[in-house]
Amino acid sequence: MISDWCVVLVLLMSRLVFGLNFTEPVNYILKLGEDSSSRLLDCSVNLPVELIKKIDWTHNDIVINNKPNITLSENGQKLVIAHYQSHNSGRYGCKVTAMNEESVQRVFDLLPASETEGNQTIEMMLRIKNDISLLVELVMNKLDLDCTAVGASPINITWIKNDRLIEARSNLSNFRYSFSPNFLKLSIKELRLDDAGIYKCILENKYGKIEHIMTVEIYEKMFSKPIVSSTDKHKVFYVNYGQNLTVPIYVTAFLPHPHFQMLYVYSMTSPNTNETKLALRVLPTMRELTVLEKGQRRGNSISHIKLDYFFNNISEQDFGNYTFMAGNKYGFDIYPFQILHTKYMQTTVFPPMKSSINKIYKEESVEKTVIFIVITSMLAGLIFVAFVIFFICRVRSKDKFKNSNINYIKPLETVILNLGDNNTSGVTMVTSVSASYASRRFRHSLNNNLINDKQKLNLKIAPDPAWEIKLEQLETDCLLGEGAFGRVFRATARDLPNHTGVQTVAVKMLKEDCCEQDLKDFISEIEVMKSIGKHINILNLLAVSSQQGKLYIVVEYCRHGNLRSFLKDNRPVMQANSVITKKITLYDLTSFCLQVARGMNFLASKKCIHRDIAARNVLVGEGYLMKIADFGLARDIHEQDYYRKCTDGRLPVKWMAIEALFDRVYTTQSDIWSFGILAWEIVTFGGSPYPGIALEKLFDLLKQGYRMERPLNCTDDMYTLMLNCWKEIPSKRPTFSQLIEDLERMLLDASSTEYIDLQPIQPERTESFSTSLHTSASMLNTDLHEKNKCDHDEISFTHEDGLSEADILLSHYAVS
């Protein structure tokens, strides 16, 4: 009995703290015809039944007594309407009264199915479609406040700012505010700082009235280094062995977007000279990044970011000095901290008292002296390293942070880099490479340190018996292609792992003058391809050779080359001298899309973001089997749902989603956007996206909602699929699983339809190739696998295909 009263008392106290309220969402609208059997109306509250005095139900303001198809359950908190008909429509209300006479009430509107607009049933009561409550924008930009609602027309709208009425074409701010009574959006152009405030829209129709409040924050355009803050600078974290630790760090970021890095300082003894030096390691630490509500933004603006770094199952090697670093090209800020064992807690934070712990102090004085010397030395080394990094950043005028920007699982291999003259820095870099490591995809080769005679590079990699082969098992045939740092050969392989006998393969290797970053990319690509696994629609890893002085990657060979060239060679151009090797049908084109969608669905299930889905990165194998290439450098997102690109380089602009273009945020949903562009390429037989549109105009057009028109010979279903992939809000785009279902249905419809009766594709104008804009470490994409030949064809884009990130930002400012 006493325990029961304790429970009631606790529940009563919780109600007193949080207030009497319903446990389900508030008022909502129901339509007859949605369910053929019954409807449940829920008025459950956060209060024990013993403390509820009564519950009153009404129908159209009349108390519900005994009705044949209406029953109450759970002490009257739920109402069930069974086999309801049109006379059951109307407004239902419930009022819950507690023992202390406090009460709450809510309403439910059941609308008859006969209230329609055309042939489509509509909601009569008003409901806001977009519930965004915070908008952040930069001065001089344009801002649209969206109050679009669902409900019966006509809908009247009233706008209020800071309790002051805004009239249509108002002179509140020199006619910068504009809206139409029939257009439920308020537009503000040429934003000023005084445009910030609380905006309220009030919507009303004959069925009721609702309001929606939005907070608008306006910031000046800032170019500054990021600011790192935490609860306590130079904080010390005390933990025991086996415990987990989370280190929270807060960053205020301005333009350009910052890069994040966690560094660990430790001592390392040279096996040759027995000399001990301080070393700096970039940590593969798992983390979670959150953009705080205060800093959410629509364009380029100030951002308030929280990063939680996770140290799991603390061991001896985790204790020591750490420094978090956030920076951009304008500078950097750091947050140093220590992780120590709890046995040092009293002696470090609270100096020992002479009377009570003098004995303990004497016993540990020697140990503490050693620790003090080590810690002091580490801090001195850390300061020196920070100075060196700062000096390099100043000289190069570019951020050189090698941002992990993803989560890591466990180091598999260690690359020890000995870059020659260590006296200049006094630091040996040790970089861990793991199965989920994915390094830079885009880079400028001129900014990388080349490995030459003065910079010897020692590489130690443990062989993996499941993949390792000897060079004697490979016999190269001819050069398929090469880029700035790598080559790909066609070869004959014997007795590869899990495959006996002889087969034709592609072998990738680095050039002699490759740089440090290329080597890291190469190793990480191997590990990613190992960890992802095999699928029929991706380019699969077959073997690796790493123990005979050089690194080689052996992958499947696709003799038809990349999909873009394959489609161009087989497009139905009506010319006398045209030679078409294969007649492409509508069934084939749909099958190509379906195969790529299946491959991408597999990569998405492995939490991998490709970031460059395009026809040039899809290879065509035997039987016209589609294989997605260049996913070895895709980003792994096992612990978070997005990846923010933080390095400079050339970008495939025309294939990038809006959020990737303007915020450099990549998700599986941004891959969906790129897949829509790929589908457009396939339907147009390798056409160039956004034909005739200059890149400097493309950004503005995309922000205004422009999408490519339906191309020639494209079905309605396929074009609808493309438009769904190009929706501005990422969450509104379909998943790859949904795309597979749609494409399988289209494939059935196209099983007997060919392109015989379709109009021919006009030849494109000759494209002038520029310097390689996309020379990534993976050379297995684009034109390296040539059809029936081994001619050299260096990777390159047309001028329209790629832009640097600086170009994107400048274009964004020009149209903002």
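Going from the start of the chain as shown, residues are counted 1 onward.
Yeah, the Cβs are placed from backbone N, Cα and C, and that goes for glycine too.
Remember, it's a predicted structure, so these values are computed and weren't measured experimentally.
Residues Asn119, Asn422 are shown; Swiss-Prot lists N-linked glycosylation site for one of them, Asn119. Candidates Asn69, Asn498 were compared with Swiss-Prot; the annotation N-linked glycosylation site appears at Asn69. The N-linked glycosylation site entry in Swiss-Prot, when matched to the candidates Asn244, Asn713, corresponds to Asn244. Within the set Asn321, Asn423, Swiss-Prot records N-linked glycosylation site at Asn321. The CA atom of Asn321 (N-linked glycosylation site) is located 23 Å away from the CA atom of Asn274 (N-linked glycosylation site). Helix, strand and coil counts under DSSP for the domain 'Ig-like C2-type 1' (25-105) come to 6 helix, 42 strand, 33 coil.
A coil conformation is recorded for Asn274 (N-linked glycosylation site) in the three-state DSSP classification, outside any helix or strand.
Neighbour count (other Cβ atoms within 10 Å of the Cβ, all protein chains): 10 for Asn244 (N-linked glycosylation site). Cα separation, Asn21 (N-linked glycosylation site) to Asn274 (N-linked glycosylation site), rounded: 70 Å. When Cβ neighbours within 10 Å are tallied across all protein chains shown, the highest count among the glycosylation sites Asn274, Asn313 belongs to Asn313. By a simple count of nearby Cβ atoms, those within 10 Å, the most crowded of the glycosylation sites Asn21, Asn156, Asn321 is Asn321.
Across the structure, Asn244 (N-linked glycosylation site) and Asn313 (N-linked glycosylation site) are spaced 5 Å apart at their Cα atoms.
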